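First, the structure itself, so that you have it in front of you.
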């Protein structure tokens, strides 16, 4: 470790000590050396004893700077790890820092674009429109040299020298995280190293603005001509790793409820559309904006009777596969049907908990945790907290962490919070239920079969010529099987006709499995077709 990193580590530890964060170290023999080292090396006392632990942790992270502030914000969404009071305090952390010099921003932008700003833009404002820990944004207009002359744009630029700062602090976070499991079983359950790894990936992704550009373009295409969501246009010719240029939008912040009401916005429809936008992203697109807090969501001030969201800052997104979506849809439906056994089986079938999990105990654990939720009316039940409860139970049964679902659960909490802030009577279940049912129907109904056949048509054509040969080979093998079975049958006649029939059935089953094994390199449909054909032949022979 370098001298600079050692000084930074010392600063981090002393800051935590001044806020009494070391009180989480349990007084047990295992931590004796840590407590002695703390007294010998760090003569620092808790200077904020009158404040609750959550407040002290928030203040400590605030003092340590942007990287730690963003860590606290991320942890505030991990309610599967922390008590609600602590998570609520961390949610108060604000990722707002003093902007860096506008002239420096100009230099960075010009270096990225390869020329003077005046080549492309007029009215570049060196005063930042907004500033955060990773980047800040400036406004400008396309000039007469551009096809979109006069178009208002926003230029986002990464803070200079932020990457080495982030990497240095992340390295120290890993070092601190490696100490956490030694404290107690509860500390081990936090899986601190996994949390830091997840945070590192998020931060490094945010440092590459070309990712944000690609995400925004994809989300914009998904909701092209949509009445529900508008995503500002990106201008790829001006986008680089540390600079992007996008359309400037003018909207009402979704958290400004009074202005929305004064503008005549249909608040009920606005709240319902927030849920619809989220579930459309999840179940239709398998791709969702995963940073949908109030600062990134606006409402189009035009046509308030038909309100439209505007989404910005697509630096953090989530993706889901078919298995993830099936888990979500079936788990939610099973939960609301109080079918806790199905919920338990879903976790095992998804391979997220061990195959030898005790299903009865798993079901009972879900029942004990989830049943009290139904003391509330269905309209008041939080989907985010349902997922949280499912995760908490599953973790006790060694569920592997699923980062994509943790990200989704965080986003769902954001959406629910905003929806109920806009319209407190929002019925999440009634709004979301059609999405869940339609998706499940499409996966298991006639439509799903026809769609699958259509998708596999090229494979059918490619392998169709193999089908007659496969059937012929299977029938030839069946003739040999029948001959051998007849020979065997003669020797068993003395033992009774029933036993003979049983042997024939058993051996036939074994041979059929062998036939299928021989065709394991064929597509599933062809193997199944072969099996059906062989079975029909067996039935016909049995009748004869």
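Cβ coordinates come from backbone N, Cα and C, glycine included.
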Based on Swiss-Prot, name the residue from 151, 156 that is recorded for the same ATP site as 129, 130, 131, 132, 133, 134, 135, 136, 137.
156
Most Cβ neighbours within 10 Å: which of the binding-site residues 131, 133 is it?
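When each Cβ's neighbours within 10 Å are tallied, 133 tops the list.
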What is the total of other Cβ atoms whose distance to the Cβ of residue 137 (ATP binding site) is within 10 Å?
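Taking every protein chain into account, the count is 21.
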Compare all C-alpha positions of 129, 130, 131, 132, 133, 134, 135, 136, 137, 156, the record's ATP binders, and send over the largest distance in angstrom.
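About 14 Å separates the two most distant Cα atoms.
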Round to a whole number and give the Cα-to-Cα distance in Å for the pair residue 133 (ATP binding site) and residue 291 (active site, proton acceptor).
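With distance taken Cα to Cα, residue 291 (active site, proton acceptor) is 15 Å from residue 133 (ATP binding site).
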If one looks at the chain holding residue 135 (ATP binding site), which residues at least 6 apart in sequence have a CB under 8 angstroms from its CB?
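Within the chain, residue 135 (ATP binding site) has Cβ neighbours under 8 Å at 156, 157, 158, 159, 206, 209.
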